[in-house]
Every structure is written in structure tokens, then in C-alpha cells.
Amino acid sequence: MNFNYGDSKLDFVKHRKKFFIFSGLLVIIGAILLSTVGLNLGIDFESGTKVELLSNESLTAERVYEEFAKIGLTPDNVLLAGDRSEMAYATFIDGEGVLSQAEILQVQRHFNASFGVEPNISTVTPTIGRELARNAFYSVIFAAIGIVIYVTIRFELLYGVAAIVALLHDAFFIITIFSITQMEVNLPFIAAVLTIVGYSINDTIVTFDRIRENLSYEKKVRGFEDLARVVNKSLIQTLARSINTVLTVVFAAAALLIFGGEAIRTFAFALLVGLVAGTYSSLFIAAQLWLVWKSKSLQKRRFKTAENEA
Amino acid sequence: MVKKGRIVAFFLIVALLAGLVVSTVMDVAKEIKLGLDLQGGFEVLYEVHPAHEGDVIDDDVLKSTVTALNQRINVIGVSEPNVSIEGDSRIRVQLAGVEDQQTARELLSTEAQLSFRDVNDNLMLDGADLRQGGASVTFSEANQPWVGVTLNSASQFAEVTRQVLNSQLVIWMDYEEGDSFMEERLKPESEQKFISAPSVDQVLNTTNVVIRGTFTLEEAQFLADVLNAGSLPVKLEEVYSNSVGAALGEKAMEMTIYAGFIGVALIFLYMLIYYRFMGIIAVITLSFYIYLVLVIFNWMNAVLTLPGIAALILGVGMAVDANIITYERIKDELRTGKTTMSAFKAGSRRSLSTILDANITTILAAAVLFYFGTMAVQGFAVMLIVSILTSFITAVYGSRLLLGLWVNSRILNKKPRMFGVKESEINEL
């Protein structure tokens, strides 16, 4: 694999409209899905109780319902997990909802006795659920603002705005995928989205850094053609790095997804989706957007100087 | 001419680092504090309500509640409890590695307001009249466990017993407004809310009072412990709780570490195949990087959570990125026809600002996560920040030092293949 500029026939810039249309469509589909199907919010952001059970033997949903019935509880939902379905997740949303301390102790004692393993139990009241969701939303917004400010100081505003568009694109992409798959959105999911925010920005910055450097070598940038050449050259030069980096992080995320167990699965899946989206958006969205905006601002400036001279 | 001294220096440094890592890594790993999601335990967020109508919840009340909770945790005997005030009216308690979660949780939230009342529920004595630490388990002649408490003043008790003479003195735990002895005594014994209601047939001028309930030994011990730990000045309501069984926590940790080993092994393999000689340097610095992150994590006294392990593994990916940026840059420079030594110099210098910008933006995101996150997410954020800063030291300076020793030994001169660059790709100038 070598991407030496000169013998490379790759042209990223030529197909930019296709990428814009593709991503635009994705965003529209995502918006429709979110407003209709929505997300499968875990109890972290709603309210209720989640009980995670581990047993030495294979479990069935009926068995779990029976065990809960013995202590007078009816879970709203039971999900089995693990290679031999030795794990089960029971959730209480309506009905009993947030289990009281006494009920939690009862569940712990009961399953400790019947399964021999103490279950995990988490409860969230509506107030806390709302607070967590609000905090998660704020953290993405504040992270984005901080990044725009930093990039504007180090580069210029246009780079910053293009980077943020790419970043929001990635975050939205993950959310859309979670809306399609209806996987549970929990707190680690937010951590994954923010990691992708960081990664996506990281990836975009490396590309922009090279564009800025190559631009400084150009004697005169006349307009779109010159800019397009610089952008294409920079993308090809950083392509090996982009692919190698995303591959190594994908190795880590995929290993977590496949071998890491239930507790970390949502997190790893969100990461994996985000990594792919992040690399795509750095190459095909962020740099191209910057190219379009920059050439427009160059044109405006040329008109102004032309008017002044006339 | 090849300077062999530098190559010797390289192997010395690597041998030294390897020695350090091998001899201390087990101790470092043992000292790491595990979060409750990895070793079992529970976390509860309490909303603090006034115990009596009209009480105000202010900073002092919250602080004294935290003190009382800490005293109770001492009774449970957890090594590193974490009790903290959150916002205006919340207290978060995190207890990792508790063996008996049920008892611990009960012990934490009982108000432990012992009160002595007459049959018409008028308050005669309460927790304030008890001597601190004066409660203990005693036994009747029939070996029935009872709880002995010590009062501050004998004359006060004499006065109280005079008032209820030839009636009953009712002993309540956590009496609530509206509770009535007259109603409770009609219920079967196991459902009665008061602890006991001894008849008083003489005036007792003593500080030692024995509560003769029908306790099991555990119940009696629990009551004595709670009374000794002191009562809570407030009512606690659980608004969020998360408890992890020890076995499940351990399983999650094992699986994540196993996944981590596979992920890191794949990364190493890829680096070796793609970057050849530079890949070896990357593997050395990355291994040392993982060790260093754990050491720094210990220094900070930070708590390793499940997302924290994920951040460590992810951090390896980020550290790799710094290596990749530098190596790609060196390859670029080699392709333009520069000598190995000047390509190394130019590549290292030019990649630095890129790595810096890329890492600072990621740290920004991690800092925001830390500020807004709950414990598990904070564990992730701390680990990510430590990882990025450490990767800066190892991947930038460590790599540069080790690779520099080889490059400056001149042994690699005119051997671009060692860097993964073919002779045919080099532009002749």
C-alpha cells in the first residue's frame, strides 16, 4: 500500500458532490428515524430498575420470570445473554419501576440463594434520568464549542466550522445506527460518542494540518483549481496514516466488541461505528467542505479587489 | 562508519526498561484500586430530606450527615469508602468490595433515631440522651440477645420512669409522625413498628438500660452498631443506585482484560508488518507506555473502572497514532530523496505540531466528559487524559530517542527498506 502523490490517480475532490449527497441522505434518514422510531433509551436516561443475573447453568426467560414471581415481582422485560445464555437482564420500567431498597435487598438475597451469584442491580429515578440525559447533551455541545475555539485559534474559523460539521455528522451517524438497530442507549454509549468526537476531530486536524502546510508551499493560489489540487495532494499524503490509525483503533474496538463481554458491548459497538464514520467524514466531508467554502471566500475577495481597482 | 556505541546504548536502555517493567509490574497491577464495577460493591445517590418538618438542609447538616455515614461505614469495615456531597441536597456513597451489601445498605440508610415514648406517643427521651458508643449486645439468662444502652443522666431516667410508673415505656426506632402505639400493639408481634414496650413498676435511677426485644443475635448486633455509629440528622432517599455482585464484576474484568490483550496484540502485529524496523521501536515504546500509564494511575490514586480499561486499550490506539504520524512523515521525507539522518530529523520535527493539535483536541473532549460524567464515565475520562499525556512522552520522545540511537549510529544509512520504503519510490533529485 503506497499512496505516493504523483503516480496516484486517486481524486477525492472530483466526487465530492456524491459524498455530500450521500451524507445528506444519511442525515435525512437519521432525522426521520429519530422522530419516528426514536432511540431505545436504557434506564440510565429514563427511570426504572435493571437487574443483571449470572447463573452457573443456562437460563430461559421463563425461568427468570418464575424466579422473580417467587418474590412477588414481575419484570417488564427479560433478555438473555452470554454464550450459553447463562446471563439475563431483567428490567422494571412501568409496574414496579424503581425498586425500593427493601425490594433490592430481597432480589439480591433471593438470587444469591437460588443462582449462587449476587446480581447487579441499578435503579434510576426520573429526576436523575433526566439530569443524566441533560448532562450528556451538554457535554457534547460544550466539547464541540471548545474544539471550535481551539481550532479557530490554531488554524482559522473555516477549518473549525468544517471540522465541527464532520464531527456532528459522525455523532449523528452513530445515533442513527443505534436507532436502526434499537440497541440500548446507556451511559457508556455517551462515553463512546464523546470518544468519537475526540477521534474524529483528531483525524480531521491531521488532514487540515497537512492542507495548511501544503498551502504554504504554493506560490499563488488563484482559485478553486489550485485549492482542489492542494486538498487532493494533502489527502493522498495523509491517507496511509488515516487508514493505519483507524485500523489499529478498529482492532482494539473490535476485540472489545467480540471478547469484551456484555458490560462493554454497547460501548465497543458505538466506537466501531463511529471510527468508520470518523474516517469517512475526515476524508470526504471535512476537507471537501473546507475546499468549497474557502474557494468561495477567495472569489469574494477577488471581486472586491477587482472593484477597488476599477 | 558505524558508531556501535549507540546501538549498544539502545540495547542497554531497552534491557533496563524491560528489567524495570518485569520486576515491578506485578506490584503495580496489585496496587491498582478497582472500581465497584470490577470488584463488586455498590453506589447510592441519596436525596437528603429533613428528618423533622421545618428542618433546613444546609451545608452543615450535609457535612454532619457525611460524618455520620463515615462512622457507619467504619462499622462495616470497608477499606476505601467514598462519601461525597453533590449539589445542594445530595450525598453519594460508593463502597467497593463490600462483602455483605445488604447489611451495609440497611446500615447506611437507617436514621437510627432511638426514642423512648409513653403510651400516648409523647417523647420522653431520644438519641441525644444516649452516651456515644455506649451500646452493646447483652444476653438474658435464657441466652436471648438484648441490647444494652447507656444514658447520659441517671436522674433524667428516674424522672422519666416516675412519669410512666405503672404504665409502659415504649421504645421506638425511627418513629415517624403518625405512628401510634395504641394501633401498633394490636398487630401481631412481627409487624409491630416499635422495638419493645416494657412495663415500668418502679422508679429506676440508673444510666444502664437494656432493650429486651425478640432479637436474633445479628439483629441485636446491628442495632448496637447503628446506635454506636450515631443517628443521622436527616432522612435519606435513594434516587440512584447501582450495585454490582462480586462475581459479575470479576467476570467483566477478566473478559475486558482478555479482549484488551487480543486488541493490543493485533495492533503490535500490524505495526511490525507495516513499519518493519520502526514497528519494533513502536512495540517497545507502546509496551512501556502501558506500564507507565498504570504507574501514573496508581500515583494519582485513581480508580480503575470498566470503561477505564477500555480507555487504556483505546489509548494504545491513540499512542499508535503518534507513532504512525511520525513514521509516515519520515517515509515521506525519505521518498523525497533525503538521507536517513536528515529524513529522521525533518520527520520528527514536522510531525510534532500535528500530534500536539490532534492530542489537545482529544484532551478537551475528555475534560468535558470528566466534568459532566458519573463515576464510570469519569473513570474513562481520567484514563483517557492520562493515556494521551503519557503517549506524548513515550510515543514522541521515547520513540525519537530509541530510533535516534539507531539512525545516528549510521547503520541504517541507505537502507530505506528498513523503513518500509522501496528504492523505486525515491525521487531522484
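Just so you know, glycine gets a Cβ as well, placed from its N, Cα and C.
The domain 'Protein translocase subunit SecDF P1' annotation in TrEMBL covers B:63-121. The domain 'Protein export membrane protein SecD/SecF C-terminal' annotation in TrEMBL covers B:236-403. According to TrEMBL, the transmembrane segment annotation covers B:255-273, B:280-300, B:306-330, B:351-373, B:379-407.
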Using a Cβ-Cβ cut-off of under 8 Å, list the residues of the same chain that are 6+ residues beyond the ends of the transmembrane segment (B:280-300) and lie near it. 14, 17, 21, 25, 28-29, 31-32, 264, 267-268, 271-272, 312, 315-316, 319-320, 323, 327, 382-383, 386-387, 390-391, 393-395, 398-399, 402-403, 406
Averaging the per-residue pLDDT over the domain 'Protein translocase subunit SecDF P1' (B:63-121), what integer do you get? 82
Distal contacts, the transmembrane segment (B:379-407) - CB-CB under 8 A, six or more residues away: 6-7, 9-10, 13-14, 35, 277-278, 281-282, 284-286, 288-289, 292-293, 296-297, 300, 302-312, 314-316, 318-320, 322-323, 326, 340-341, 344, 348, 352, 355, 359, 362-363, 366-367, 369-370, 373
In the domain 'Protein translocase subunit SecDF P1' (B:63-121), how many residues does DSSP assign to helix, to strand and to coil? 23 helix, 16 strand, 20 coil
